[in-house]
Each structure stands twice: as C-alpha cells, then as structure tokens.
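Over in TrEMBL, the protein carries these features:
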- His2: Ni(2+) binding site (BINDING)
- Cys73, Cys76, Cys89, Cys92: Zn(2+) binding site (BINDING)
Amino acid sequence: MHELSLAENVIRIVESAALKARAQRVGRVRLGIGALAHVDADTLQFCCELAARQTLLADAIFEVEQTPGQARCNDCQQEVALEKIGFPCPQCGGFDLLVTAGEEMQVLEITVA
Ligand SMILES: [Zn+2]
C-alpha cells in the first residue's frame with residue numbers, strides 16, 4: 001500500500017525532528033496532501049496511526065488536510081487551479097497543462113510535549 005510507505009516516511013521525519021528538539025513525545029502532526037497526489041487522506045491518517053506504534057508519536061493525533069492542485073496552461077498561458085489530473089483548463093478548456101503544485105506531501109506542523 002502506497003499510503004503505508006508514505007506514513008512510515010512521515011513518522012521517521014517527525015521522530016527525528018522531535019528527537020532533535022529533545023521532545024518526550026509528539027502530540028499532534030498536521031500533514032498536507034496535494035489534491036493531485038493520489039493519496040487518500042483517511043487511509044493516510046490510519047496508516048500514520050499504525051506506523052506510529054512504539055515511537056514518540058504513539059499518542060499523536062494526525063490531521064491530514066488537502067492542499068490545492070495548480071497547473072500552468074500552455075494554451076492560455078495562465079496559472080490555474082486544477083482539481084484532478086485529466087481535467088481541462090478552467091479558463092480556456094485546453095488540455096495542455098503542466099502541473100506546478102498539488103503532487104507533494106508536506107509536514108505542515110508538529111506539536112511536541
Ligand atoms: Zn487555459
């Protein structure tokens with residue numbers, strides 16, 4: 001499962017940040033998932049809870065929010081919002097789009113205790 005390997009990465013990143021900050025445990029993690037990243041937010045949250053067992057994040061609350069997709073349209077030369085891969089340009093209806101944001105995953109915020 002794609003989400004589980006992402007979740008394991010998240011745990012590793014957050015745990016090493018928490019260790020550097022000499023935290024005893026992590027209370028909350030806010031994640032941003034690009035709308036075009038092919039990641040299911042609920043599944044990712046569940047996988048994070050699984051992967052967090054026996055780490056500093058064992059009791060952490062995971063919040064996953066979606067960040068918008070964006071693309072550059074080569075037909076009308078505009079930066080446009082893109083809901084899904086395969087959708088046309090909302091400005092001109094063209095399909096010559098280059099995705100510029102929304103495929104990434106970010107750790108937005110970590111709350112330690
Ligand atoms: Zn366009």
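Yeah, the Cβs are placed from backbone N, Cα and C, and that goes for glycine too.
A separation of roughly 35 Å, to the nearest angstrom, links the Cα atoms of Cys76 (Zn(2+) binding site) and the residue listed as 'Ni(2+) binding site'.
The two recorded residues, Cys89 (Zn(2+) binding site) and His2 (Ni(2+) binding site), show a Cα separation of 28 Å. Around the Cβ of Cys92 (Zn(2+) binding site), the same chain contributes Cys73, Asp75, Cys76, Gln78, each under 8 angstroms and 6 or more positions distant in sequence. In sequence order, His38, Val39 make up the list of same-chain residues 6 or more apart from His2 (Ni(2+) binding site) whose Cβ falls under 8 Å from its Cβ. Same-chain residues that are not part of Cys73, Cys76, Cys89, Cys92 yet have a Cβ within 8 Å of the Cβ center of the Zn(2+) site turn out to be Asn74, Asp75, Gln77, Gln78, Val80, Pro90, Gln91, Gly93, Gly94, Asp96, Leu97.
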